[in-house]
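Below is one structure, written out as structure tokens; the observations come after it.
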Amino acid sequence: EPPHTGRLALYLLGLRATCPTPRPHRSLVTWLKYYLEEDWTGSRQHGHPLTNYYQYGLGVLALCVHHKRVREEVVQRLLTAQHHGRLRHGGNAVDTEAVAALAFTCLEQKRLVGTELAAELRAAVHRASSSMAEAQEPDGVIGNIYSTPWALQVFLATGMCQTEPAFGKAMAALLENLEAFSTAATMAQVLPVLHGHSYLDVASMHCQEEPGRSQGRRDWGQHWCPHRDGWVSLVLWWLLTDTLTPLNMAPLAEVPGNKTVQLVVECPLPWCYDLKLYDHLVPVPASASLLDVLQAAAELEPRDFRFHTQETSQGPFLSQVLGLEARQEKRNYWQLLSAPDSPLEMGIADYRPRDEEILILRLSEW
């Protein structure tokens, strides 16, 4: 089983933001260092981490936020991957580049690396920032709506929010699409940005004890980039984080009528016996999600179509179709496309296909 680098890194970032006492998380930090070393060893043997560069970068970032030094060889592996463009291969390139840039910025700002390596990291962050600005779409989105908060965190962490024109356009796009961030994982990415902060600021928070609370109020560090919609950010921040009332997400509105979706399963990999493994029209209610389409296909033709999902913090993840499993160790995944080649920006439970839309499930490598 691959190391749990990314999952533990996210947990430790969240834990640091709650102002914990040192004891409960010391062993978790030790485990993260172990997982990161396992990933580093795997990258030496296979040319890539046992997990992926996104998780690898998260591991470096989380350790830095906890003020833990990372061996320079471990950092150099991520730096080399960024220099040779390997972070742009597979998955969401903006997410991976942004996580790496945040890790590099943290290491430099906290002076956890030597002078020579710090200069290399600064140059790498500049390259990543320029790349993300160039990747901005006309509507302001960078990569897709879910990767936009990661890019904005980089601009905030480096102070480029005051000089980079892409920042204002991306922030406006984010505020127009807040309804897309409906899971705990996506909210965790967007909330610091709405308050003008990045994950790096977690490392410099000052925890102060308050009467009536077991945890002190979090006084953020010095990074802050006000923007024209700053009051909206503050209201959203306090509504979502300073109350103990859970958010009640409104259910998707019912749409009357029916629709028909063409469902296609492709496997372009060399070991598949055919490119197109499944191609059928699936009738579903007009309000059906992609997950509903998959379930309807399985009910209509249980012998011809079957699939499995795994629950994740961002909703169900498509793990197996027609007996073909997407496995991290094989470095493949089920890519969700709207024909002919447009990646879906939502998960299977959130995306609502249009009537007569052609949806492609394509087993792809990263």
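Heads up, the Cβ atoms here are built off N, Cα and C, so glycines get one too.
According to TrEMBL:
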BINDING   Thr51, Asn52, Tyr53, Tyr54, Gln55, Asp95, Asn144, Gln189, Trp334, Gln335, Leu336, Leu344, Trp366  cyanocob(III)alamin binding site
DISULFID  Cys64-Cys106  disulfide bond
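Distribution of TrEMBL features across the structure.
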residue	record	contacts (Cβ under 8 Å, 6+ apart)
Tyr53	cyanocob(III)alamin binding site	Leu78, Ala81, Arg86, Leu87, Thr96, Ala100
Gln55	cyanocob(III)alamin binding site	Pro3, Thr5, Gly6, Ala9, Asp39, Pro49
Cys64	disulfide bond	Val70, Ala103, Cys106, Leu107, Lys110, Leu112, Ala203
Trp334	cyanocob(III)alamin binding site	Leu318, Ser319, Val321, Ala326, Leu361, Arg362, Leu363, Ser364
Leu336	cyanocob(III)alamin binding site	Leu290, Leu318, Pro343, Leu344, Ile348, Tyr351, Leu359, Ile360, Leu361
Out of Thr51, Asn144, which has the highest number of nearby Cβ atoms, where nearby means within 10 Å of its Cβ, if these are the binding-site residues?
Thr51
What's the number of neighbouring CB atoms sitting within 10 A of the CB on Cys106 (disulfide bond)?
24
